[in-house]
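The following block contains the structure, expressed as C-alpha cells.
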Amino acid sequence: MILPILGGPTGSGKTSLTQVLDPKRFEIVSFDSRQVYRDLPVGTTAPTPEECSTIRHWLIGFLNANESINANQFSLLARNAIADIQSRGKIPFLLGGTGFYLRAFLLGMYPVPTVPKETKDYVFTLPLEEARSQLLAKDPKAMESLSDQDGYRIKRALEVVLTGVLWSDVSKETVGGFWKDNPEVKIVGHWLDWPREILYQRINTRVETIIRGMLEETKEVLSKYGPDCPGLRTLGYNFALAFLNGMIDSNTFIEQLAQSHRNYAKRQITWFKKESFLSPISYDAAVQLYTNIEQR
C-alpha cells in the first residue's frame, strides 16, 4: 500500500497543489490543527468551499470554536477517514502543516494521563521561560529531550508533570501508530521547500488578503463563545483580539500577524527537517511526483 504524504509550512502552496490531483483517484486527509474550526476559515487559511468541491477534503471545519481536539482523537478520525477512502478504491493523500499530529498518527503517542482543563488553562498563560523553569524544577530529565525554544512541547510536558506523572517516564516509548500497526505501508513523504525569502514574501502577501475576513470572523466568534474559546487561541487571533480591543493599530496588527506566520513557518520547517519519513521537495517536483503516483 502506498501512502502519499505532503507536509509544508504555512504559505507553501499545499492547498493549491491538491487542485491538480485527480479527484477520481485521491481524497485529502488534512493534518492541520487550526483548520478544524468551521467558524475560522479565513484566519486559518482553510481550503475554500470551491477548493473542497474540486477534491474531497477530510478533517476540515468540523469543530465549533468553543470545542477542542487532541492528537489522539485526531488520529482516530484520520484512521476512519483513510479506511473509508480505501474502501472505495481511492488513495488517501495526507496533507498538512501540523507535524505533531502527523507524527502521532504514524508513530503513535506517549501514554500520557488526562490533563484537567484548569491545568491546561494555567499552563497556557505561562511565559515560555516560566514554563521551562517549572519543568526543570519538577522533572529535570524531561528537558534533556526537549529544545529550549520548543514552547509547545515544554508546556505539554509541564501539563503532564502537574498531574503528578513525570514526563521523562511516559515519554520513553509511544503506543499505537498507523505505520507501526501497518508496517507494509510504503510512505511517499515530502515537505514543500521554498527559498526562505520567497516563502516569507508569500506569507506577507497572504496576510494582507486575510485581515478583513479574519477580523469579521473574530467578531462573530467573540459574540458566540467569548475571547477564551479554543479557536481564538490558534495562531494570530490574539492580534485580532488586540486590534478589536483598541490595544494596537491596524499597521501593528498586520505587522505582528505577518511576523507570527513567518515564525510559525520557521518552526514548521524545523520540525519537518527532523522527520525521517519526509524529505524536502520543490513545488513543481511535488506536482509531478504526486499526480503520477500509482497505488499498489
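Easy rule for this one: first residue shown is 1, then count along the chain.
Just so it is clear, glycine is given a Cβ too, placed from its N, Cα and C backbone atoms.
Because the structure is a prediction, the values reported are computed rather than measured.
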Would you please say which range out of 32-35, 116-119, 260-263 has the annotation region 'Interaction with substrate tRNA' in Swiss-Prot?
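It is 32-35 that Swiss-Prot annotates as region 'Interaction with substrate tRNA'.
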For the recorded ATP site, whose residues are G8, P9, T10, G11, S12, G13, K14, T15, find every other residue on that chain with a C-beta no more than 8 angstroms from the centre of their C-beta atoms, and list them by sequence position.
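After dropping the recorded site residues, what remains is G97, L192.
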Can you give me the average pLDDT across the region 'Interaction with substrate tRNA' (32-35), rounded to a whole number?
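Reported value for the region 'Interaction with substrate tRNA' (32-35) is a mean pLDDT of 96.
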Below 8 Å Cβ to Cβ and six or more residues apart, same chain only. Which residues does that give for T98 (site 'Interaction with substrate tRNA')?
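The answer is F31, D32, S33, R34.
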What does DSSP say about T10 (ATP binding site): helix, strand or coil?
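SS state of T10 (ATP binding site) = coil.
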Output, ordered by sequence, the same-chain residues six or more apart from K14 (ATP binding site) with a CB under 8 Å from its CB, or 'none'.
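Listed in sequence order: L6, G7, G8, L95, G96, G97, L192.
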Taking every protein chain in this structure into account, which of the binding-site residues T10, S12, T15 has the most other Cβ atoms within 10 Å of its Cβ?
S12
